[in-house]
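Report on one structure; see the data block that follows.
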Amino acid sequence: MAGRFCQRDGGIMTAMVAVEILTECSQSSWNNSLHCGVFRHLPRNRPIIIGSSGEVFWVEYTLIAVAYIVQTHIMREYPSEFALALSHNVCVSISCAFVSLFVEENNPSAWIMRSKIMLICIVATGVVNSTSYVVESWTVRYKGAVFLAMFRPLSIVTAVVLGAIFLGDSLYLGSVIGGTLISIGFSVHNSLFHIANGFSALAKSSVLRHIGMLV
């Protein structure tokens, strides 16, 4: 059981890391593509999965996958979304405070909020992040980490589309197509996974029933 459990977690983590890496790498600019008929690629100095920048990507997305798995196990043992979100926010705040003290050691003015916009951004970020973490905790509690991971590319697609509509940002065709295809793939994988589990449970119950009849 332990070996099967570790294999399942390893597969989930690998799949989620692949989602993040593929979505990050499949960025090709779509600005003016309808007019010129060709896709304009991003500058060559964009970080890729090679060298120091690539190592940062791998570490970041691996830690995200591990965090989802740990979050799933915590929710199964202690099903309280708000308590988990509070603990998470306190730990993150303390960590950010220590990092900020180290980075801005010689710049005390960095701690001063110079406008109301900064305060509004801080409050909005706290509210949105806390709400999203509660929703994520609720999702992994009832659906598992795979279900949460398969919608992550769609969140990237949504952010890209809304940024292009309201902020005039570049729309990356790779993010739209790649995120959609990966999400469809995860949906199919999740459906097949549940079907396989159903057949496995049915076969197990059938075997136990036959054993009971023989006894």
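Including glycine, each Cβ sits where the backbone N, Cα and C put it.
Copied over from Swiss-Prot, here are the features:
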TRANSMEM  48-68  transmembrane segment
DOMAIN    65-186  domain 'EamA'
TRANSMEM  82-102  transmembrane segment
TRANSMEM  117-137  transmembrane segment
TRANSMEM  146-166  transmembrane segment
TRANSMEM  176-196  transmembrane segment
For the domain 'EamA' (65-186), the number of residues DSSP places in helix, strand and coil: 102 helix, 1 strand, 19 coil
Segment confidence, the domain 'EamA' (65-186), expressed as mean pLDDT: 78
